[in-house]
Amino acid sequence: QVTGPSGEGTDAVVILEKTPFQEEKVLDLLKKHTKLELQMRNDIYSTYHLYPPLELSEIKTTVVYPATEKHLQKYLRQEVHLIRETWEDYKNITLPFIQSQSFSIQWVYNILEKKAEADRIIHENPDPCNGFVLVPDFKWNQNQLDDLYLIALVHCREVKSLRDLTAEHLPLLRNILQEGKEAIAKRFGVPASQLRIYLHYQPSYYHLHVHFTALGYDAPGSSVERAHLLADVIDNLALDSMYYQKRALTFALRADELLFKKFQEAGRV
């Protein structure tokens, strides 16, 4: 909790992440004012506690304040269950749930309207139907390429998720795939062959967006039960416009999530 001026406590979420090691800093890390405490030695093997100098001991810190109950529940450790959602499940359980919830995505609109983060935009296609904005994800501090992470946010506000996509959206998706790869290669020098480009289902927010991450980075949510490669999505829609209105989709839900409880109530878990 954070204590405000009135003395009342307000909940906050603080996320601490060790940033990746930068290759050019490793020598400094081993030599420059570094304290080593021996923990164990056995023949040629030894382990130490290493205390790096201040400038090399960065911890990326993300703060959500004030944090709602949804934020608190999101970051608590919980049991996780796999759901196999049919199209009927989506229409009868998931979609009504989405429509009943007040998921705020004003921060997305702020980026699209350049009311926030305008200086962080890497690339924009301004077309209202087939355009998008490419920005660094909050999880990436942009100090190294090892954990490169960018998000493409579409200008069209009617498309919530993978389930809404049809062949009508192929120009949009192809723009994101091609222009996103070109913009990242130009700005960061990372070739397309070293990018993982995908959509989440379920997404963490219901405004269509595409993730661009470094292939060597084990990004959160890049696992097989959640990530759908954009190139595969494009191929599937080219084969069948209604592909994502026909097939079952698998995703993980935490035991405390309301959507999981809805699937339980419907006897689908």
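Each residue, glycine too, has its Cβ placed from N, Cα and C.
Computed from a predicted structure; not experimentally measured.
Around V210 (substrate binding site), the same-chain residues six or more apart in sequence whose CB sits under 8 Å from its CB are F132, I151, A152, I176, G180, I197, Y198, L199, L230, listed in sequence order. The substrate binding site annotation in TrEMBL covers W107, E117, D137, K139, 200-211.
TrEMBL lists H209 with the feature active site, nucleophile.
Ranking the binding-site residues W107, Y206 by how many Cβ atoms sit within 10 Å of each one's Cβ puts Y206 at the top. Fewest other C-beta atoms within 10 Å: among the recorded positions H200, Q202, S204, H209, that description fits S204. For H209 (active site, nucleophile), the nearest neighbour among the listed binding-site residues (W107, D137, H200, Q202), judged by C-alpha distance, is H200.
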